[in-house]
């Protein structure tokens, strides 16, 4: 009887990690959350779009995604896992601010005077009800705002893997995920090493960029974990082809809703 009891306890202990990982979730990402109060400012660029040198490591994608309506964040950075998150931002100046505000994508890190968002010019200007109102808002410099996390929408585009310019086949592999829809953060990425018959973690190098030194030759099998309002999921994209190259983007065949 005692042995059966011990075996039963062992089974429960083995099952608990699997159950907890399957039911883990973060209510901060839920669309029914209330707005939070903060402040927002903007930075300057030549054409009003974002910057290709943002700390998330998105390159040109970080400049033009969401029609250039992007933002640098600090408190929402979350050690880089906040890269790619979408937020609805509404300013509070009567008669000047649009009721529904603007949706921005976090593509950079930036700190301001008690601000949660430092926005691209296109994003900041889209807060206004008219072009004249937008000019007036820019004269304020910094605005009181309300914001909340909202799902990103990239349909019909799939999630893509962007191989970073710093990569070198086969000695060094660095990548970032693009077009991550929904309200999910990518928390970890792993690569299958067939010679060792195991999944090995990639390092979060900076921002949205994960890297791996001396990856196996041939196609690369990856899997990644996302966390959102409805739970934590493990996703397996299509393999990265064996002849992968720096600056190339590869379709994963996956979408998140």
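Cβ coordinates are placed from backbone N, Cα and C, and glycine is handled just like the others.
Some features that TrEMBL has for this protein:
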DOMAIN    53-157  domain 'Expansin-like EG45'
DOMAIN    171-252  domain 'Expansin-like CBD'
SIGNAL    1-22  signal peptide
Quiz item: In the domain 'Expansin-like CBD' (171-252), how many residues does DSSP put in helix, strand and coil?
Solution: 0 helix, 47 strand, 35 coil
Quiz item: What average pLDDT is reported by the model for the domain 'Expansin-like EG45' (53-157)?
Solution: 97
Quiz item: Looking only at the domain 'Expansin-like EG45' (53-157), what are its DSSP counts of helix, strand and coil residues?
Solution: 27 helix, 32 strand, 46 coil
